Amino acid sequence: MVVAPYLAVAIGGSLGAMSRYLVTIMAQNAWGIKFPYGTLLVNTLGSFLAGFFLIVLVGRFSAEESFRLFLFTGFLGAFTTFSSFAAESLFMFEQGYWFKLITNILVNNVGSLSMVFVGTLVAKYVLLGHQGSN
């Protein structure tokens, strides 16, 4: 058994989970707890980073498998959180917070998908900018 892939995922996951917790606490301190801003922020930021690094590390620079496992499966897998999104949405449903529920579902889904796309565009722009200066 090769330990490196498991270790890469474990370290990335640990850092991603701690980062998610930190971002969530910062969002609660900044905007309060009436809406799950922390979950929205980690999901959209994580989606942007996934799109960006998909182009930069996988498409352009062919990053090592262990680093891809560290970043995508470990860090971004733990940083973003579909389970928290689902649980918070269920709570809003059970409480009858219909506007918050619909907003949460739409903004998380549309926002996350959009941010993956924006991340790929930014990465391509950055790469083309570097190619043009050579």
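Even glycines carry a Cβ here, placed using N, Cα and C.
According to Swiss-Prot, the features are:
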BINDING   Gly77, Thr80  Na(+) binding site
TRANSMEM  7-27  transmembrane segment
TRANSMEM  38-58  transmembrane segment
TRANSMEM  69-89  transmembrane segment
TRANSMEM  110-130  transmembrane segment
Under 8 Å Cβ-Cβ from the transmembrane segment (7-27), and at least six residues away from its ends along the same chain, one finds 37-39, 41-42, 45, 66-67, 69-71, 73-81
In the same chain, residues at least 6 away from the ends of the transmembrane segment (38-58) whose Cβ sits under 8 Å of its Cβ atoms read 19-20, 23-28, 67-68, 71-72, 76, 79-82, 84-85, 88, 104, 107-108, 111-113, 115-120, 122-124, 126-127
If you count the other CB atoms within 10 A of the CB of Gly77 (Na(+) binding site), including all protein chains displayed, you should get 18
Simplified to three states, DSSP reports Gly77 (Na(+) binding site) as helix
